[in-house]
Amino acid sequence: MELLKRKILDEGIVLSNQVLKVDSFLNHQIDPLLMQAIGKTFASLFRESAITKIITIESSGIAPAVMAGLELGVPVIFARKRKSLTLQDDLYTEKVYSFTKKEESEVSISRKLVSPVDRVLLIDDFLANGEAALAMARIVEQADATVAGIGIVIEKAFQNGALKLKEQGYRVESLARVASLENGSVEFAN
Ligand code: 5GP
């Protein structure tokens, strides 16, 4: 997606050979017009997949997921990282090892929200080693629903997440694929 790649080149900050910071449009401040274009692109990629629900993880997946949900006309669920007073029982819960925080946490979704008839599109902001996407996929499988696809805003193609997900048979669509962050600059894969 050219608009997204342009934005990454103009505003992305390479923090290390492994980590890209995009706080000006995705991870802290959000660019609504860009998110709308991202939602339309995900919708066009998955329009034929009979999606009934979108699942993402709070918080940075929510903006692109909601825009895709608006375009596809389906509800969006965000897996929650902390149990709250209003979300304690009757949950599907999975562990996720966070690439950026280097710690394990749990994500949960209410059992009421996913059922075996659902065909779920998983959306996330970044794909690194695939831990977040695999945790969401395990939740969908716990619910006996189907993972119909995985939509990623920025894939770091030099890490092995996409490979792992594809090996498990999932369709992965990434809107920008970063081949390298070496020497402080962003190189895209073809
Ligand atoms: P994975 O679970 O695929 O290893 O890592 C993906 C998750 O870690 C994403 O949900 C995202 O929050 C975070 N993440 C991984 N790599 C980066 C990165 O380079 N930049 C930012 N901002 N987040 C990242």
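Each Cβ is built from the backbone N, Cα and C atoms, and glycine gets one as well.
TrEMBL annotations: computationally assigned, not manually curated.
Per TrEMBL, the features are as follows:
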- Leu20, Asn27, Lys156: xanthine binding site (BINDING)
- Ala128, Asn129, Gly130, Glu131, Ala132: 5-phospho-alpha-D-ribose 1-diphosphate binding site (BINDING)
- 32-157: domain 'Phosphoribosyltransferase' (DOMAIN)
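By the criterion of other Cβ atoms within 10 Å of the residue's own Cβ, the least surrounded of the binding-site residues Leu20, Ala128, Ala132 is Leu20. Close to the recorded 5-phospho-alpha-D-ribose 1-diphosphate site, the chain also has Tyr97, Phe99, Leu127, Ala133, Leu134, Gln159, Gly161, Lys164: residues not among Ala128, Asn129, Gly130, Glu131, Ala132 whose Cβ is within 8 Å of the site's Cβ mean position.
In sequence order, Gly12, Val19, Lys21, Val22, Asp125, Phe126, Ile154, Val178 are the same-chain residues whose CB sits within 8 A of the CB centroid of Leu20, Asn27, Lys156, the residues recorded for xanthine being left out. Whole-number maximum of the Cα to Cα distances across the xanthine-binding residues Leu20, Asn27, Lys156: 16 angstrom. The DSSP breakdown of the domain 'Phosphoribosyltransferase' (32-157), given as helix, strand and coil counts, is 44 helix, 46 strand, 36 coil.
Rounded to a whole number, the distance between the Cα atoms of Asn27 (xanthine binding site) and Asn129 (5-phospho-alpha-D-ribose 1-diphosphate binding site) is 18 Å. Taking Cβ-Cβ distances under 8 Å and a sequence gap of 6 or more within the same chain, the neighbours of Lys156 (xanthine binding site) are Gln18, Leu20, Phe126, Leu127, Ala128, Val178, Leu181.
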